[in-house]
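Record features (Swiss-Prot):
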type: ACT_SITE; residues: Ser100; note: active site, phosphoserine intermediate
type: MOD_RES; residues: Ser100; note: phosphoserine
type: BINDING; residues: Ser100, Asp240, Asp242, Asp244; note: Mg(2+) binding site
Amino acid sequence: MGKYFGTDGVRGVANKELTPELAFKIGRFGGYVLTKDTDRPKVIIGRDTRVSGHMLEGALVAGLLSTGAEVMRLGVISTPGVAYLTKALDAQAGVMISASHNPVQDNGIKFFGSDGFKLTDEQEAEIEALLDKEVDELPRPTGTNLGQVSDYFEGGQKYLQYIKQTVEEDFSGLHIALDCAHGATSSLAPYLFADLEADISTMGTSPNGMNINEGVGSTHPEVLAELVKEKGADIGLAFDGDGDRLIAVDEKGNIVDGDQIMFICAKYMKETGQLKHNTVVSTVMSNLGFYKALEANNITSDKTAVGDRYVMEEMKRGGYNLGGEQSGHIILLDYITTGDGMLSALQLVNIMKMTKKPLSELAGEMTKFPQLLVNVRVTDKKLALENEKIKEIIRVVEEEMNGDGRILVRPSGTEPLIRVMAEAPTQEVCDAFVHRIVEVVKAEVGAE
């Protein structure tokens, strides 16, 4: 991670850390780095439903136009929609304005290259070097060489038509409950599933600029679970603010997380000869039960650091086509170049249709170990990881576990948090281990 770029682009409190002035520079320098070898380059921009999206979009557009780029605004669209359209529309770069599952005051800017993939560390470092220069020495075209802006609000429909083709039959006869987090999928997902002839119930589809992720979406699936039970739905599908995550709910109201969705997809893809190299790529946060279920089905796993960019890097390196995170980022690389909540949802419902099994049965083939994750707000993430007392309590707890479970303590990639996670044979043991570590972290580096 650099000074500006975290694990998922540039993030911060809009108009405080992520200011219009910074957004202008990111547009100008980012646009230059990604398009400098092209005459009259095309850059597309999408955003989620945050109130700050218009402000940052205007600044970004100005920065891009100042380099001579032609800018196409997509309006409100999901992150994977931008990734797909960057390549499909032959753009030199794509930009998404979103802070994903974060609260409304936050926002972020992430770039995609012409291939639809997120930027490499080297590209981000090149942009950061320009941001840190005292004098802007980039070319400043004038007159007819300046860029122009246009709108392509039909882009969302083009993207939906593409992902719709990935399923084998329609969803008639199924009742699907959708939670769109008052975010980027609010107008897209209901249209998609209705178009596939499903009976749908919806929530989180009334964005007002202020309510994105507020008590809804993939970080609050328990709310969708109530709707599933109330409506008697066959499945619930919860997306996050920018539509790159999926958390599901089975017909009984049980939450089905990213690990379980990955396992269901892996098993089906193996059975149908689609799973490349018989391997799934996951992160260190995946549940022990996930690995045991894969092992029982003779499927190999490959483990990375936390963050969908690291999963993607490993997938590209090894030629794998399925990967993801417990949080619901599922990457289906045969179809799209980033985590995609709606695409993952289509595949999950398609598997239900093709196997004629309810989601509870499909998910039930994986038994999760009890797990607890506690976020501790800290003054300094780096200091926390170097603190001797914190290192000592982790060592003591790991010794006591004696291999029957695991502890993971790591910094958040986007917030001033230390995440403390444990898995153990019982919830009681799990909770006790986590709280012992949390108390030491709070005492040593906790923020008020």
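A Cβ is built for glycine as well, from the same backbone N, Cα and C atoms used for every other residue.
Counting Cβ atoms from all protein chains shown, Asp240 (Mg(2+) binding site) has 33 others lying within 10 Å of its own Cβ. Apart from Ser100, Asp240, Asp242, Asp244, the residues listed for Mg(2+), the same chain places the Cβ atoms of Asp48, Ser78, Thr79, Ser98, His101, Gly183, Ala184, Phe239, Gly241, Gly243, Arg245, Gly339, Gly341 within 8 Å of the centroid of those Cβ atoms.
Counting only same-chain residues at least 6 apart in sequence, those with a Cβ under 8 Å from the Cβ of Asp244 (Mg(2+) binding site) are Ser78, Thr79, Pro80, Ser100, Asp308, His329, Thr338, Gly339, Asp340, Gly341. Listed in sequence order, Asp48, Ser78, Thr79, Met96, Ser98, Ala99, Ser100, Gly183, Ala184 are the same-chain residues at least 6 apart in sequence whose CB falls under 8 Å from the CB of Asp242 (Mg(2+) binding site).
DSSP assigns Asp240 (Mg(2+) binding site) to coil in the three-state reduction, placing it in neither a helix nor a strand. Other Cβ atoms within 10 Å of the Cβ of Ser100 (active site, phosphoserine intermediate) number 31 in total over all chains.
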